[in-house]
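TrEMBL lists B:14-210 with the feature domain 'ABC transmembrane type-1'. Marked as transmembrane segment by TrEMBL: B:12-38, B:59-77, B:89-107, B:128-149, B:155-176, B:188-213.
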Amino acid sequence: MTEVSMAKEEVASTDDLVVLKSVNKHFGALHVLQDIELTIARGEVVVVIGPSGSGKSTLCRTINRLETIDSGTITIDGKPLPQEGKELARLRADVGMVFQSFNLFAHKTVLENVILGQVKVRRADKQKAEQRARELLDRVGVGAQADKYPAQLSGGQQQRVAIARALAMDPKVMLFDEPTSALDPEMINEVLEVMQQLARDGMTMVVVTHEMGFARSAANRVVFMADGRIVEEAAPDQFFSNPRSDRARDFLSKILHH
Amino acid sequence: MFDFLEGYDLLGAFWVTVQLTLLSAAGSLVWGTVLAAMRVGPVPLMRGFGTAYVNFVRNIPLTVIILFTSLGLFQALSISLGGQRFETINFRLAVLGLVAYTAAFVCEAIRSGINTVPVGQAEAARALGLNFTQVLTLVVLPQAFRAVVGPLTNVLIALTKNTTVAAAIGVAEAALLMKEMIENEAQLLLISAVFAFGFVCLTLPTGLILGWVGKKVAVKR
């Protein structure tokens, strides 16, 4: 185990997977992303936190260009994000995304949801894709639901299917856009546990969340955003026990006292 | 009482009506879907064309369109759609006119269906690396169609009755036969009732069956 994590750190220090350089974005008059500089290394788990409207979700969505940016550059594994088209589709296949509202394809069964991308994008053999899909569904603990439709599942189960669907593409990095915010409290943990396991397995992850417990236990680094800027970046221990900025102290005092 | 029916090919005339309806329905479903795809697509030129087409065509009376296919396309431009006999040519022209007209309504029905599919599903599909056509054909349209079986049934029923306009260019369907019979026989009300009943026999089952299908295929959310 130690060897693995050491090897991971070595790789991490030399290999930047996602790099954002002076990224700016406006929604009309609102400057949602202001000169964002962020580098995510291979195998790193970065948790983005901050108050509502601080631009966290937007930041997450720019990484696979679901939101376009006005200026700056974003590179993934050394390649800049291409314009809309074939190149972009290919890149998106390498970037897994999990949404707040699950977004499973409602007309397809759970199994078909996980098979679709493999067959249509990766051109995988149907049988192999199904086998892989069943493995992944077992891994996230919803193997028994494979033949049901999304609407028949609980929120927590749907979100785990969504994670399996993203994993089926063998992504280089996984983006989580508030994956537990739409869940009933008793279902949050089942999703977080799957994410913890992923983090332990060495997946590169960018997680926008309000789950401070997850940030503490799984993150290599916490990025705190407010008003469209990255205000503070630190290791979780340091950030939660000793935040440097007033803005972060204020934020933490509001959420950690209950 | 129904002696006046003798000597007329009532079933034959309604068979032509059915053929007109089915061919036009198939054609307008395809063309309407293409138009809807254009209207939601990323290419401004196609979006503009789709919008212009729908707004132009659906506001022209069907009679004018059908007459145009005969007077404009066939007689002025000699477009005969591969037909040799006059009947074949007129039948095909009528189908063309009905497709062109009905597709505008099909397009709008499908577009309203597309709006029932949550944006997030298209985003999730794009995030998997599917291209625009795949997102549309694999994720959005299958759900859109299921949502608009009802509205499309309305369009189909309207189309069935609209086929009577083909009589204007001499297609031997039900309405043309009715006109002929009214001229020859002295049973105005009865003849009208017979043809009205014939159309109800076509459209009522359509509505019932597709209503059942619509419930059956509805996407649960």
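FYI, residue positions are counted from 1 along the chain as it appears here.
Glycine is no exception: its Cβ is also placed from the backbone N, Cα and C atoms.
Could you place the listed features in the three-dimensional structure?
Sequence-distant neighbours of the transmembrane segment (B:12-38) (same chain, 6+ residues past either end, Cβ-Cβ under 8 Å): 46-47, 49-50, 53-54, 91, 94-95, 98-111, 114, 136, 141, 152, 155-156, 159-160, 163-164, 166, 171-174, 176-177, 198, 202.
Remote same-chain partners of the transmembrane segment (B:155-176), defined as residues 6 or more beyond its termini with a Cβ less than 8 Å from a stretch Cβ, comprise 12-14, 16-17, 20-21, 24-25, 28, 62-63, 66-67, 69-70, 86-87, 90-91, 93-94, 97-98, 101-102, 105-106, 109, 195, 198-199, 202-203, 206-207, 210.
Residues 1-2, 4-5, 10, 14, 17-18, 21, 149-150, 152-153, 156-157, 160-161, 174-175, 178, 181-182 of the same chain, all 6+ positions outside the transmembrane segment (B:188-213), place their C-beta atoms under 8 angstroms from a C-beta of that stretch.
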In the same chain, who gets a Cβ under 8 Å from the transmembrane segment (B:59-77) while lying at least 6 residues past its ends?
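Same-chain contacts beyond the ends: 89-90, 93-94, 96-98, 100-101, 162, 165-166, 168-169.
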